[in-house]
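Per TrEMBL, the features are:
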type	residues	note
COMPBIAS	1-13	compositional bias 'Basic and acidic residues'
COMPBIAS	14-23	compositional bias 'Basic residues'
DOMAIN	135-246	domain 'MurNAc-LAA'
TRANSMEM	36-57	transmembrane segment
Amino acid sequence: MDTNDKHELSPAERKRKMAARRRHQEELKRRKRRRALVIVLLVILAAALIAGIVFAVRKLTAGGSAEIAAKGDTFVIAIDPGHGGEDIGMSNEVIEEKEVDLNICAKLKIMLESQGYQVVMTREDDTRVSKEDRVSTANTSGADLLVSVHCNYAEDDSAKTGVTVNYTDGDKESRTLAENIDSALVKETNATDNGISAGSYSITDDTEMPAVLVEVGYLSNAEESNSLAEDVYQNSVAKGIAKGVILSLKR
């Protein structure tokens, strides 16, 4: 992660952001209630079919419940692979951060889509995307959550390892998302748990949905850097993040 990603909000900006977050949280709660209602209806209709209720109920199952499910109840997740293009992020003699970020996010996208979630990526190839465009992509997509993926680097401590999940200070929904991802990610990878961290970052401050910035490991540590360059470990990282995201949306 680049220290330039850190961002300070003015009191007015923080007030507007919190108002937007509250509106988004209310909408998310409504969508969760609608989804729960759909599940209840499907269970009832399935029971009716098993009991031998005739064609009319079968028609309702095929038509009515499908119509309800189609009304925007699929959760949308924005995924933000850090850096890109000439902005390589952190690097060493083995790998560049931008590559690790994109590889993990591509795997995360596949995993979430396989579970029925809609995914929006802020970048899908090796191109540089401005912070403003990343925020705009997430906000205009109507995403319910945003996950930004980065690597860490410790200039003066090559022994330092582990994952950290950052969120905007004072944002309860984002804190919960951070806790869920941190717990699942550490369990999946056995990485050192550096916990969650409240701060101020442009990608989490300026988006209208709960958002976190996940630092998946240290490229300054030779062993962890080698792991982050491996497909199998990247898959474990993506799986841990996916589990944390799904848990957050189910609550």
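Just so it is clear, glycine is given a Cβ too, placed from its N, Cα and C backbone atoms.
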Can you count helix, strand and coil residues in the domain 'MurNAc-LAA' (135-246) using DSSP?
52 helix, 30 strand, 30 coil
Give me the mean pLDDT over the domain 'MurNAc-LAA' (135-246), rounded to a whole number.
97
